[in-house]
């Protein structure tokens, strides 16, 4: 009995061994006893080394066959029986060792996981996904392996009786997975396999592989291996084979110039087609199913057509899919249909099937496609591709033309690239790679001829077999790939004990080789080393061995051959073997040595794995040149394959979308040069093509049925022209601005006709110093000689556009896009001005700050945000991430739609809502792509099980049908479109070029004017594009500009002056009439004559003021001139009143003798009493006919009866001397301040000189005051003079004179106690002349002489002018009434250069302006600085802190002192904080005794000299500052809580804000650091957004009668919003505590932080990349400075200027330091003792904390729109950033 059992057992073991060798049988998980380690050679446990005894028995692991003790084999795992229908609970469990048990638990590397057939959603790998293909393999040398250890998986395997390599069996796998995951879902469908060799050959990858879109699993994952000849079959473009691409482009084959670029070209002024409006979403009952989607209001169409709004919220029918274009697509196709596949040789993908070929409508059916269009389309694609390769060859310095005896590289590369691209079908499963560069490798072989170059359908590597006796040529080879090494180690680096190694090494290696041989491989590929014993065993078994293969190469071989990399021999199964039709090893002597190499020829050994079953790897072998040339060609080939591959995918996608296939389009082709330093002379143009005029398309005349007729020309015309291409050298550029209008060309490859945009990959772009200037590049390619050709340089971004013989270089102007159309044809040239206020001169001086890198053009940087419309919450805040085209983080378009939008099991991690509850928004450049999803309850699209994705669109600009935008017929997305890069899909969507956007069959843009729908089952996704406003950033300019146009306030001042003058002259005329009625006719004629003359003078002067010639930067109407005329009218009123009084008293002298009167009119004048000459250097416009000045300064006007008056003042009696050369006034003698003769209180009587004119009948009061009789006088000898300080009299460039007259001096207040009477001027009649007949002198003295005499004779005492205020008018009273109504105070002495600044009691800036122009202020701020005073004790202001503590670490370097120097000698080095050691302030006091009472004004100017120097840098001139400050108005500023006084200057240039005492003390402390920081920022052009403070003053007024006194400290700050139309205004502190304005209505409402945060989800503020960087740099610099100065609680004021798309911003309120009261406030708010939210940080925190919070908030508030294509043109000094700015944002790249 025992013998029989033993025989039976032996027989069964033999049968089992034979069965294990049969390839058709799945091997069980238990290892055959033949592969168990022998008992006698194993004396200790393999794991714990314990000795085996009678008690401690040996136990073999049923999985690896090694011997262990009982403790080490205590685990068991389930074993799937051969009948996979056996229920799981009936599965047998087998004993395994601890290591195998851990492998089973981990599920990686063991057969339990690796044998699972991975299923793919990719339609490229299964007929389930609408490819309608079923394939069989003729390489059936694989047996279906075992699938042991599958838990939860049901598998059924039917074994056929045919055990041959071509046997047939079937397998049906049904894989299900229960449960639903929160953010990922995996479901599988059933599949049938009719061939045992058609198992999944793709390698298994972890489902947990990271994906930047989130952890999603595919819905359907299957893969099948078709026949090799089917994989390598020709691809067809709607029946147009690509395999027959000719090697030479015949002359009759033309290429269309219409570029269907996917690359974003520079935006034109095309506006939004669908602007996202207010979106209301309500979450309804889950069982209702009528979920509302988002509302969209399409507006702002680029033409005049009005688009009706589309109501997404209420129009559920908008989402209903239209009818299918092809009824056959509606049918649910069988899973495998052999007949359907027989005619489709396009392979696994079913690329470009006839049903989904070019175009829409009639072009999708074979019977509706003409051969002419197919041929023309093929010519377009091939022509542009050849042009691209020709350009790349030129970059590599490789000749494009045929050389003697050699074939052109252009033809060879074109053929190889197309062949490789057509064969390539990447693994589109979730774990597969998309990059075609990872599947096609290029090898260089310096032997043979160029035409020997070929595409190997497999892998070629530089390897050889270990032993020469091993086979090097095997047909139908079976490969086994082993990871690690084949040595006596369990796994790599796991060592065993020495004695165990000695005992078991040979036995183990023999068993391992036996296991390998049992699988019958022909070739063994090992990653690392192999033991010598094993090598001998393998040689004996006739197995070729290859060692030390790098892991990437192993992966490629495994991917192509279908093998799996086995970690150890314990996991062997026949299912893991690979296969290739031909394996061989060849040796090639390299005949063409490298340049400079001599001697022995190198022999290169190459190993071939040819005709692999899967099209997942190819090798292009380049031959026929030396190594150096082949390396250059290699770069071109690598890119050529990438370009050809993407060309096919993008073309198919556009065809599916319904892009119009019209050929005659007028867009130039753009070709980008790689990263090279090229100039205009070295630029090349090799792009073939032609231009056919485009007829105007009328949307109402075109229909979907006839998309071709409006724009087509016969194809025969398209194929009629040819040209040769050559490099253009030394072509003179057309100057910009000479009528040329151009358009910027984007540096991207634009594939003609079908929107293929390809950019150089990183591996291709390498800087090479190749001289392209002298090469001729004839290319036998059709093109019209008048074709506009563009060569764009990626590095410089200078687009060069060649049109015939014309040549234009891209303008450097920011925001101006340039395109020069065909010059020969006279095409219209257009300019799209994208930004209104760009300044070319400022841009040209700026260096490119962020140069683009080549990698930028191989990826797209987008911003993504997601929000739940059901809950109204933001699920995913806007963030940046980069998608590299076809890279590891890219996805096929089909998978993105399936995983992200159509996965009904998806639940958002944030809101737990499904995908249809969300709206996703991608932003890039100037547009946003909004994705909405809707679940249809009553409609189901067919083909869900097959994975069909349907496409259609609705045009928003076509006439409505039943109230809805018309829809196109829906089509099934082709397999090639399914595999399109999602990144390229986004690039297509955001591109704003006419070629890229493509026109639909109705003539409108697909991506701009249409809603694009994608449907799958009952899920529909809608993609819609809308333009967004990308704002640039405008920082406070370093030099303030003044707007001199359209200033209403100056017009009002002008009208007031004219009105006063008219009132004066009319009042005088009326008074003259009254005098005439009383009988005083004697003087009436003379009075009327003088009145007419003075009125004519006034009108002439006003005309000169209003119509003067002005230079750039000067006001059209000088307000200071108006002030002077206003003051002159006041004195003219006084003079006319005296004239009329005098005339009314002459009735007693009616009969006087005329001769006597005439003698009295011409009295002799003493030399000491001569009339001073009028200022010769005046440029006053008020000089009329009475007083005219020649350029030499001599008075040539008529002086009336005073014609004997000397024209030069006597130097012994006058106060001043004038220069002989005219104009400049200088003191006659320089005396120190202590030598003033006024110091001696000596009575000085006015003595009447001989011949002095005596005035009669004047008012006694006025006359007494006039000559000083009522005052204590001192007599000034005629030989004494009053000398002025030289610094006062020097001509300061800070104050350009209006009238360079005599500069009066306002003596300090303490010196005004001396009452001095001066000799009366000859122009002023004296009362001492008693002869009444001489009173006619009032008429004979011209008014201007009288006015100037007043200014000259009362320089030293403003009290003399007060006498005018004491005069009571009799005839002329209008001026007195104006004063009583609160008018300006004009009786104050004039300022420097006779400048008149009126003072208004309710306008503090007028007081400041007057003080700044006073001689006293100039004396105190003179260069010597003796009179500068310090008021620390009086003002209770602490001394400034040491400037050394304020030295923020900034990278801008030290201050350039030459930049800070002021032109004036007084202003030199005033900004240097170290030049003064104490706070220097100037105080000016002045007063007026007017009608309203005596008032004293005191103005204290803090840091007067430093502020003056700062203004010298930041302002065009000091006079502009004075003009602006002369008038102001109270301003109700909003947003602040301090309730302090606010005012604005009437020109809106400056803002006046009251400063509290604490703020003033804080500023005084850190003012030196402020001046230093601001000066450094300006000199180094470092970005800063501090709103410049140009002065801080204390203004005090005191009414002497009432004793009322007011004081106010104010600062003068630039108005950041000057000249702006701001719709929204934000005051941002970075805090959320009490930072919300509930009343946001109104145009001037200031919004706060919470208002901005609330608006961000729906209406965010977008800025460009460069603008964001500029903003951050400025904020970083300023906050660092403010924190060092212990300043906090500042704000960023942001105004949104929608007209210019700019953010006008600046930091304000930075005067407050962190003092003890702020400490206390912070503590109270933090603890919440007095109420308020406790969970929010207080607004008042320490400066360092405030800085960090402020920076973070400002970075978050403004969303950056990435745009990697725009040239960097941030201009720091005028704070302009480019309009969509791009992007290589440092630190924001999310990959």
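Cβ coordinates are placed from backbone N, Cα and C, and glycine is handled just like the others.
The following features are taken from Swiss-Prot:
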ZN_FING   39-105  zinc finger
BINDING   45, 48, 69, 72  Zn(2+) 1 binding site
BINDING   61, 64, 97, 100  Zn(2+) 2 binding site
REGION    166-186  region 'Disordered'
COMPBIAS  279-293  compositional bias 'Basic and acidic residues'
REGION    279-370  region 'Disordered'
COMPBIAS  324-345  compositional bias 'Acidic residues'
REGION    770-790  region 'Disordered'
REGION    834-859  region 'Disordered'
COMPBIAS  838-850  compositional bias 'Basic and acidic residues'
COILED    1077-1111  coiled coil
COMPBIAS  1151-1164  compositional bias 'Basic and acidic residues'
REGION    1151-1242  region 'Disordered'
COMPBIAS  1167-1188  compositional bias 'Polar residues'
COMPBIAS  1196-1206  compositional bias 'Polar residues'
DOMAIN    1433-1758  domain 'PIPK'
REGION    1769-1791  region 'Disordered'
COMPBIAS  1771-1791  compositional bias 'Polar residues'
Just give me the nearest neighbour of residue 72 (Zn(2+) 1 binding site) among the binding-site residues 61, 64, 97, 100, Cα to Cα. 97
Which binding-site residues from the set 45, 48, 69 come within 10 angstroms of residue 97 (Zn(2+) 2 binding site), judged by C-alpha positions? 69
What other residues of the same chain, not counting 61, 64, 97, 100, have a CB atom within 8 A of the CB centroid of the Zn(2+) 2 site? 62, 63, 65, 66, 68, 73, 96, 98, 99, 101, 570
Where residue 100 (Zn(2+) 2 binding site) sits in the secondary structure, as DSSP reduces it to three classes: helix
Can you tell which of 69, 72, 97, 100 has the least company, meaning the fewest other C-beta atoms within 10 angstroms of its C-beta, among these binding-site residues? 72
Fewest other C-beta atoms within 10 angstroms of its own C-beta: which of the binding-site residues 45, 61 fits that? 45
Of 48, 64 (the binding-site residues), the residue whose Cβ has the fewest other Cβ atoms within 10 Å: 48
Residue 69 (Zn(2+) 1 binding site) and residue 100 (Zn(2+) 2 binding site), compared by Cα position, are separated in whole Å by 15
Compute the mean position of the Cβ atoms of 45, 48, 69, 72, which form the recorded Zn(2+) 1 site, and then list in sequence order the other residues of that chain whose Cβ is within 8 Å of it. 44, 46, 47, 49, 50, 68, 70, 71, 73
Per DSSP (helix/strand/coil reduction), residue 69 (Zn(2+) 1 binding site) sits in coil
Where does residue 64 (Zn(2+) 2 binding site) sit in the DSSP three-state scheme? coil
How many Å separate the Cα atoms of residue 100 (Zn(2+) 2 binding site) and residue 45 (Zn(2+) 1 binding site)? 15
What's the CA to CA span in angstrom from residue 64 (Zn(2+) 2 binding site) over to residue 48 (Zn(2+) 1 binding site)? 16
Roughly how many Å separate the Cα of residue 61 (Zn(2+) 2 binding site) from that of residue 45 (Zn(2+) 1 binding site), to the nearest whole number? 11
Per-residue pLDDT averaged over the coiled coil (1077-1111), given as an integer: 82
